[in-house]
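A.B. asks: Structure below; questions to follow.
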């Protein structure tokens, strides 16, 4: 005991030695007061001003897109009316040669659960059989899966389908590298257009009939993008939350970009490119983890226009495990921020596109949606608002804490009316994920350690139901596989803020803080999404 007392005395400053616990508390309070007034209060006020400014930017962006969507719904014309669109008809003299040659690329990597779905759907596309080439780009490292994919290709080839199975000796460039190598094969020189489908995407048979005419009749169009349709959105609450976010992206963001500036980010799949547009833009590049967005920006700087066809939907799968979703969101948040860093000056100096289009790409597309949206969500709702509980000198105006967030949330929810009753869960879920996205955004902006980390999003296919139901109750997990320390830390801070607000605060933020803390704890302990052993 004497040893413990002497050790404690050496760790405490002289002013604290020989004082009671009440005196120590008073001195700690005095130190906090001395630091708070000259340092903490000005810093928090600065953060508040920045967050309110970013909130206004995001609010204006959301309202602008909402107005454009309303106008389009009331008076706008469908893509088939805005551009020349006529069905491709048979030519008696030319025969099938009147149809353009189309390449279908399916990049995949160890896709055991879904490879047969995508290959089968691609081979089922309705198009003259001598005017289409299916190209399976298999980067799998598992020899068993490679054999299965090759056998599946051989099975379709035996039915008369022109399908090519292509492999590489390395995974350089990941997906971008695979697509780039795929375009180098001699038979691709015969093709005019290339449609790209990830391994879990299943296009309808009439997909080419509805997209290719845009490219054939409008030489200025370089890309036609279809909408995603989620086959497993009802699998769990996490997939419903994803559906709400992505439906807004497709219903509003892509539609507005296509209708106003003929530009939007290529979604990496379910789109048809004019091969000459890819080549003119410099081809596929692997300098970021968003090779699709990179190509789209470079192509639009060359003057190519893009068309989004919201009425054409391609079935695909949402990541249903938290692990897969976190990897995907890291890539989707880090990549755009890193691409913004690399291309902002190139966009500004470009002479081929109008000033307004350059401002739209730099400010609206990149800065507000890809950077501000992530940062303000975490810093404002998970740092500034909770911290004001301790510092009553910093007051948040009601319009910034209530009105603007409510309007932004409602505008975001219009894409998925069936999930309006889940709006509170969506807000809490998005706030938790904003921590992960903000971290990834700064990694991209600063080009830090994980800037080029590429982890393929795990797809479960029909096996998700089998694996989930057969999961043993006593399956053992390493603690690190389920625990997320950052989320738990933020949850603990929010919980402490809520308790302090109940005891001493006047802001009455504790209801929100308790709910948000619980959401952080749930995700911090990994109790979100589908659990698949050894996933």
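Glycine is no exception: its Cβ is also placed from the backbone N, Cα and C atoms.
Take a look at what TrEMBL says about it:
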- 46-75: transmembrane segment (TRANSMEM)
- 193-383: domain 'Glycosyltransferase 2-like' (DOMAIN)
- 359-381: transmembrane segment (TRANSMEM)
- 401-429: transmembrane segment (TRANSMEM)
- 483-503: transmembrane segment (TRANSMEM)
- 509-532: transmembrane segment (TRANSMEM)
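Looking at the shown structure, can you explain where the listed features end up?
C.D. replies: A Cβ distance under 8 Å defines the sequence-distant neighbours of the transmembrane segment (46-75), meaning residues of its chain 6+ beyond its ends; these are 251-253, 255-256, 259-260, 364, 368-369, 372-373, 375-376, 379-380, 383-384, 388, 394, 396-397, 400, 404-405, 407-408, 411-412, 414.
A Cβ distance under 8 Å defines the sequence-distant neighbours of the transmembrane segment (509-532), meaning residues of its chain 6+ beyond its ends; these are 235-239, 319-322, 325, 381-382, 385-386, 388-389, 424, 428-429, 431-432, 460, 464, 467-468, 471, 481-488, 490-492, 494-495, 497-499, 501-502.
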A.B. asks: In this predicted model, what is the average pLDDT of the domain 'Glycosyltransferase 2-like' (193-383)?
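C.D. replies: For the domain 'Glycosyltransferase 2-like' (193-383), the model's average pLDDT rounds to 95.
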A.B. asks: Residues sitting near the transmembrane segment (483-503): Cβ under 8 Å, six or more positions beyond its termini, same chain?
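C.D. replies: Distal contacts: 382, 386-387, 389-390, 432, 435-436, 439, 509-510, 513-514, 516-521, 523-526.
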A.B. asks: State the non-local partners of the transmembrane segment (359-381) in its own chain: residues 6+ outside its ends, Cβ under 8 Å from one of its Cβ atoms.
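C.D. replies: Beyond its ends, the transmembrane segment (359-381) has Cβ neighbours at 47, 50-51, 54-55, 57-58, 61, 253, 257, 260-261, 263-265, 297, 300, 333, 336-337, 339-340, 344, 347-348, 405, 430-431, 434-435, 437-438, 440-441, 445, 516.
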